[in-house]
Structure formats: C-alpha cells, structure tokens
Amino acid sequence: MTAKMQHIATTGADPRLAGGRLTIDLDALVANWLLLAERSKPARTAAVVKADAYGLGIIHVVPVLWKAGCRTFFVALAEEGLRVKAVAPDAQVFVLNGFFAEAFPVYEQSNLTPVLGSLQELASWKALNAGRTEKLPYALHVDTGMNRLGLTVNEAIRFAGESKDDKPILLITHLATADEQKHELSQRQFESFQKLREHFSGIESSIANSPGIFHSLNAGYELSRPGVAMYGGEPVSGIANPMRPVVTSEARIVQIRTGLKGETAGYGATARLTRDTRIAICSVGYADGYLRSASGSGVPLRQTLNNGGCGFIAGKKVPIIGRVTMDLTSFDISELDEGEAKAGDYIELFGSNISLDDAARAAGTIGYELLTSLGNRYHRRYLYSGNEI
Ligand SMILES: *Cc1c(COP(=O)(O)O)cnc(C)c1O
C-alpha cells in the first residue's frame, strides 16, 4: 500500500464485526490490465468479469477498467451483464454461457450481446430477430478442441457459407491448455482457428484468455479476453508471475493459546503436537472459501501432498495446524516472539507475502477457485488512487 492510495470504498461486513478482511488494490488491477493490453497489441483487450469479477465485485472492478480504456466485457450470465451495464452503460457486453429464448427481451432492452454456441441457439436467435428490421448483433463461439461450448469447426464453416445478412460481429474460440506452454493441443487450436477465420473474412475474432496472451503462438486476432491475470493470478504455470497481486486476504486472530507436547489439536485429533505449541485461532474457515483441503492434516490431500496451507504474520510463514473448519482455522505461531501476535491482529492468508496461487496449490486447487469462493463475510476495502470512479 503506497501513501498516495486512498481508501475509496468499504463494503461487505462491518469491520468491527467481521472475522476476515479483503483489501482489493484496484490500481494493481488496472496496471495488470494495461500490461495485458500492451502484450495483446495490436489486438484490443477486453476484460472477463464473470462470477462477479472473479469474486471481487463487478461494481468496483468495471468502472476502473472503463476509466483505463476497457470497452468490452465478457460475463457468463445475462444477469451479470446487467450488472456491468448498470455501472458502464456504454460498455459492449458479451454473454458467454449460452442463449435461451426467454431471455431475448432482456438482451434487446439492455443491449447485451450473446455468444451463440450451438446451431440450436443460432436458430433460436435468428427466429427471434426475424421480426426486427435491424438485427441485433451476436458473437459466434466455435469449439476448436475443448468440447465444451461452441459449434464444431465443420458446422461453423457450413454456417459461414450460408449466412448472409446475419453474420456474427465476433468469432471466438477458447483454449483448453494455454497455461501449459508446451501442450500440443494449443497449437492445433491456434491453427484450426486461423483456418476458420478465412471463412469469416471481415469479422473480428478472439482467442486468447490470460495464458493465451503469454503463449508463443499468440497472434492474429483482434480481441483478447483476459480474466485471472488481471486479478493477479498466474497466467502460465511454472513461470514467475508477471502480474501484481490484487487481493490481500486476512483473518483476525480470536485468541492465542498454548497446546502441550503430546496433545492434539482440532477435529479428528489429526494434529499431534510434537512440542509445546502456540496456536493462533483465526476467524476464517471454509465458509469463507478458505478451503478445508488446505488443512495441515486430516484431509485426503495431505496423504499425497505433505504441506498444508500457511499464513503470514510478523515477517514469518506460519503453518495451518489440523483441519480448517467452517469458521475457524488454527496456525502454529511458535516461531514468533511472544507479543508479535495477539488477539485482534490479522494473519495474511494470501496477498503480497503468500501468493494467491501458492495458497491455492496448498489446497490442491487454482487461484480462480480461491477468488470466486471468497463469499460475503469479509470486510472489503477497495483502494484506488483517485476518489472518483
Ligand atoms: C473465463 C474465460 C476467459 C478468461 O480466462 P482466464 O483464464 O481467466 O484469463 C476467456 N474466455 C472464455 C470463453 C472464458 O470462459
């Protein structure tokens, strides 16, 4: 936190009453987006803000991105699209998760653009537009190797030949393996998409998610679609993360107690204390997205991966003892000097000292899941250099 930063908004739980707090650095978020935009050039850069901007809040994230020059947003659901429009009325908003006819009036009224991903959706969209003199724009999703959403490549080629005045405004595909730089599927997907684009001449296309932007084959499209890297997550596994951390998650110490050598701690008595142990009991648990799989012991993951998660306080990493529970998690603070931690202090769960991705790995998962699981019991502080958003 630099001095010029101003505390612009606090939401979520009352800080006096909450167990955890999140500090969300919107300057870092904007810097990350600008870095991604730079790397994406000459393509334009959108922002993926599905799942309430990966748990950080559409109403806080979208306005600062808009101010930084982002004009295009992707969401999973039309409901989320409305929330983007509420704070950025002129934004172009693409809805990824399919199209159902009953939602048409909302797309029409609120100027949302569906990403159509099957022949059935295309037919439905076409029929609903039939009565209109001016057809509403849509994007087309083609599946080049993920087997999730999208027309098959052959369906898309056939469609390109048949469509005339009902062409998409954007052609997209999604990469399955871009986070593993060497995976051969990415190459096949890039090649397949490249060929497909020839059938849709004059139509903009989009392929790169966060890892795609860092991929060696990253080129030849007009719009990139980063999500996780903007929020500080690692875009590519096994390579130093070039992004700035955006979220700091901290939990409040409720009490500090000493367990004696030979005793156990927590549910299942899975943590056996091998020395007299000072334990910080913190007000965070799996109900706050601090996953039970990060437990120090007593969960299946610890039979394959030895170390559980850890916290950070007074310049030191402190391991989780025993099982993470719904509302409480215990950390071994024996390595701290007496007085370096007391009830009421905060322990960092992830942030600038423990990376989001390291915290996720300790729980056997990915940063995306930690962010989108945060929930609403935290007090949230949003930092931004200007007051005005
Ligand atoms: C989620 C998503 C993205 C963003 O992916 P990140 O890995 O978070 O950058 C881009 N495109 C599609 C279709 C998505 O579903």
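Keep in mind that glycine also has a Cβ here, set from the backbone N, Cα and C atoms.
Close to Lys50 (active site, proton acceptor) in the fold, though at least 6 residues off in sequence, lie Phe74, Val75, Ala76, Leu77, Glu80, Leu96, Gly227, each with a CB less than 8 Å from its CB. Residues or ranges marked as active site, proton acceptor by TrEMBL: Lys50 (among others).
Look at Lys50 (active site, proton acceptor): DSSP puts it in a helix. The N6-(pyridoxal phosphate)lysine annotation in TrEMBL covers Lys50.
According to TrEMBL, the feature substrate binding site maps to Arg148, Met326. In the three-state DSSP scheme, Met326 (substrate binding site) is classed as coil.
Per TrEMBL, domain 'Alanine racemase C-terminal' is recorded for 246-383.
Summarising the annotation, TrEMBL assigns active site, proton acceptor to Tyr267 (among others). Cβ environment of Tyr267 (active site, proton acceptor): Gly298, Gly322, Arg323, Thr325 lie under 8 Å away, each six or more residues apart in the same chain.
Taking the Cβ of Arg148 (substrate binding site) as reference, residues of its chain lying under 8 Å away and at least six apart in sequence are, in sequence order, His174.
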